[in-house]
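Shown next, in C-alpha cells, is the structure this report addresses.
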Amino acid sequence: MAHVLIVEARFYSHLNDMLLDGVRSALDAEGHSHETVTVPGALEVPAAIALAADSGRFDAYVALGVVIRGETYHFEVVSNESARGIMALTLDGLAIGNGILTVENEEQALARADKTRKDKGGEAAKAALAMLALKEQFGIG
C-alpha cells in the first residue's frame with residue numbers, strides 16, 4: 001500500500017475540512033496510509049511537496065486548497081503559479097493529485113469540496129494513486 005502526503009492550504013478552513021474528508025475517505029477505502037501537513041496558502045503547496053519528496057518517505061501526494069476570485073489580480077497569480085509549481089513537480093516524476101480548487105465564489109467551492117456532491121478531494125486522491133500506478137507500470141518508483 002502507498003504512503004501518501006496530503007498538503008493542504010488552510011486559508012478557507014471550512015472548505016478544506018470538506019476536501020480533506022474526501023481525500024481521507026478515498027485513501028482509507030483503498031487501505032493507503034497518509035499524513036497531512038498544513039501550509040499558509042496555495043502558493044506554498046508546491047514547495048512543501050518538493051521538500052517532502054526529498055525525504056523519500058512518501059509514494060504520492062495530494063495538493064489541497066481553495067482559491068476564490070476576488071477583486072484583484074491575486075486570483076490569477078495564485079491559481080496559475082500554484083498549478084505551474086505542481087505541474088513542474090509531476091514532470092519531475094512525482095505522483096500528485098491536484099485538489100486545489102480555483103472558483104468564482106464560495107457556492108462553487110462548496111459544491112466541489114462536498115464529498116456527497118462533486119468530491120474533488122476524493123478525485124484528487126484517486127488521481128494521485130492513478131499516477132502512482134502508472135509510475136509502477138513503467139517500472140519507476
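The count begins at 1 with the first shown residue.
For all residues, glycine too, the Cβ spot is worked out from N, Cα and C.
In Swiss-Prot, the 5-amino-6-(D-ribitylamino)uracil site is described by Ala42, Leu43, Glu44, Val66, Val67, Ile68, Asn98, and among Phe11, Phe138 the residue recorded at this site is Phe11. Annotation for Thr72 ((2S)-2-hydroxy-3-oxobutyl phosphate binding site): no same-chain Cβ neighbours under 8 Å separated by at least 6 residues are found. The Cα atom of Phe11 (5-amino-6-(D-ribitylamino)uracil binding site) lies nearest to that of His74, taking the recorded positions Glu71, His74, Arg112 as the candidates.
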